[in-house]
Amino acid sequence: MTTRYRVEYALKTHRRDQFIEWVKGLLAVPFVLYSQPTGVFGDGPSVTQMAEEAHRRYAEIMRDVELMIDDHISRQQDDSMFPSKLRMLIPTAGPFFTRLPLEAAFKYQDRKRYISSRRFVAPSFNDVRQILNSAQSMAVTNGSLQLATFDGDVTLYDDGFNLEPTSPVIPRLLDLLRKNIKIGIVTAAGYTSADRYYERLHGLLDAIAESTDLDPVQKQSIIIMGGEANYLFEYSPSSPCKLAPVPRTQWLTPEMASWSDADITRLLDVAENALRDCVNNLNLPAMIMRKDRAVGIIPKTPGTRIARESLEETVLVVQRILELSSLGSSEERPTKHRPSSPPIPPSVASQSRRVPFCAFNGGNDVFVDIGDKSWGVTVCQQWFGSKENGGAIRGENTLHVGDQFLSAGSNDFKARSVGTTAWIASPAETVELLDELADMMQKKLS
């Protein structure tokens with residue numbers, strides 16, 4: 001029984017998104033009932049009828065899920081002591097900051113992906129993920145999108161590469177700035193100097209500096225949050241690197257300021273020992289790298305690849321050890337949350353005295369950072385909100401775009417607790433998402 005538990009939970013559940021898997025399971029029923037794998041493509045009327053019926057049933061299911069989310073949101077807003085039906089079906093369901101027009105989003109994606117016309121391949125994880133992205137895009141454009149935050153690697157540029165001047169994502173980001181939407185790049189890269197971030201983002205920063213249709217205020221509407229939530233840089237046209245560091249005293253939230261340096265050091269010491277044990281026990285070709293606000297393992301020699309399973313094992317081991325210690329907190333969301341109120345990072349609600357951390361798989365390394373992206377996005381919300389109206393940009397007015405949303409070893413996951421999110425799988429998908437947003441904004445204006 002113990003072995004089965006470990007296999008089913010420790011090695012599988014952390015690689016799934018329970019909400020997406022649940023929706024995918026709902027859509028599997030009409031696929032089985034209405035698909036015609038025994039037909040032939042020459043049988044036009046039969047295939048057309050099948051697609052129409054499957055489309056109708058898929059749309060009905062998405063509408064039913066949409067209504068369940070509405071009920072979940074109403075109970076969030078009322079702080080109801082009784083769980084919603086959605087929460088009973090999916091205990092991990094987090095806060096929703098906006099309605100999700102899933103029926104409309106499905107119809108939109110069905111026109112692009114022809115989900116209803118497929119006879120051999122059921123609606124997939126990626127189909128549902130794209131439907132949710134479209135629904136969230138529709139929701140934030142129906143409201144007022146004020147802040148868009150982005151991960152770096154795999155979101156804005158390929159893993160290990162830089163944001164070059166030829167990148168198609170750059171004109172889309174400039175378009176957001178023209179629309180007076182603030183941009184925060186919230187990356188795990190923990191550089192302490194501006195020149196390293198300029199090296200990674202020079203294509204975008206140079207494009208902003210050279211732009212003739214962005215006013216000075218719009219050019220200042222971008223910040224870089226490095227090391228998850230540890231280093232803030234603002235745009236500076238007079239700097240050779242186009243960035244200037246912002247002292248922590250100017251942007252730390254009161255909760256973040258309460259984390260003592262001694263506790264941070266002790267947490268990183270425990271994490272370093274756990275990482276060292278993993279390197280020895282798994283015989284990893286890796287070495288320890290210690291920074292002032294992070295510790296991790298990287299390959300001993302460039303070009304060496306570490307097995308994905310070994311990286312995941314390391315993340316789960318280190319995370320568990322830190323959670324069991326008296327120092328670290330990796331809570332995923334607050335126990336109470338009103339989506340209409342300023343977002344509260346997850347560890348505040350229950351363990352404000354413990355230091356939040358994020359253990360994540362970087363693709364070929366593992367790092368433990370102080371804080372996580374919920375705090376990084378929160379800093380962006382407060383930084384821009386305080387300049388506009390003295391408050392914080394709300395979760396329903398924030399969209400975080402990233403590629404790592406699985407529940408363990410993924411550092412975008414925590415951002416779900418402080419704003420709306422879009423889950424992409426490549427820079428090309430980011431471009432597609434931004435085009436989708438721009439199109440929806442244009443339709444709203446017209």
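Here the Cβ of each residue, glycine as well, is placed from N, Cα and C on the backbone.
Feature list (source: Swiss-Prot):
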- Asp151: active site, nucleophile (ACT_SITE)
- Asp153: active site, proton donor (ACT_SITE)
- Lys112: ATP binding site (BINDING)
- Asp151, Asp153, Asp159, Thr187, Asp365, Lys373: IMP binding site (BINDING)
- Asp151, Asp153, Asp403: Mg(2+) binding site (BINDING)
- 328-350: region 'Disordered' (REGION)
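Features as recorded by Swiss-Prot, highlighted on the structure.
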residue	record	DSSP (3 states)
Lys112	ATP binding site	helix
Asp151	active site, nucleophile	coil
Asp159	IMP binding site	coil
Thr187	IMP binding site	coil
Asp365	IMP binding site	coil
Lys373	IMP binding site	helix
Asp403	Mg(2+) binding site	coil
Legend entry - Max CA-CA distance, Å, over listed IMP-binding residues Asp151, Asp153, Asp159, Thr187, Asp365, Lys373: 18
Legend entry - Thr187 (IMP binding site) as reference: those recorded positions from Lys112, Asp151, Asp153 with C-alpha within 10 Å of it: Asp151, Asp153
Inset, instruction - State the Cα to Cα distance, in Å, between Lys112 (ATP binding site) and Asp365 (IMP binding site), rounded to an integer. - result: 36
Inset, instruction - Pop the Cα-Cα gap between the residue listed as 'active site, proton donor' and Asp159 (IMP binding site) into the table, whole Å please. - result: 5
Inset, instruction - Compare the Cα of Asp365 (IMP binding site) against each of the recorded positions Asp151, Asp153, Asp403 and report the nearest. - result: Asp153
Inset, instruction - Pull out the recorded positions from the set Asp151, Asp153, Lys373 whose C-alpha sits within 10 Å of the C-alpha of Asp403 (Mg(2+) binding site). - result: Asp151, Asp153
Legend entry - Fewest other Cβ within 10 angstroms of its own Cβ, chosen from the recorded positions Asp151, Asp153, Asp159, Asp365, Asp403: Asp159
Inset, instruction - Identify all same-chain residues not among Asp151, Asp153, Asp403 whose C-beta atom falls within 8 angstroms of the centroid of the Mg(2+) site's C-beta atoms; report them in sequence order. - result: Gly152, Val154, Thr155, Leu156, Asp159, Thr187, Gly402, Gln404, Asp412
Legend entry - Residue, out of the binding-site residues Lys112, Thr187, Lys373, whose Cβ gathers the largest set of other Cβ atoms within 10 Å: Lys373
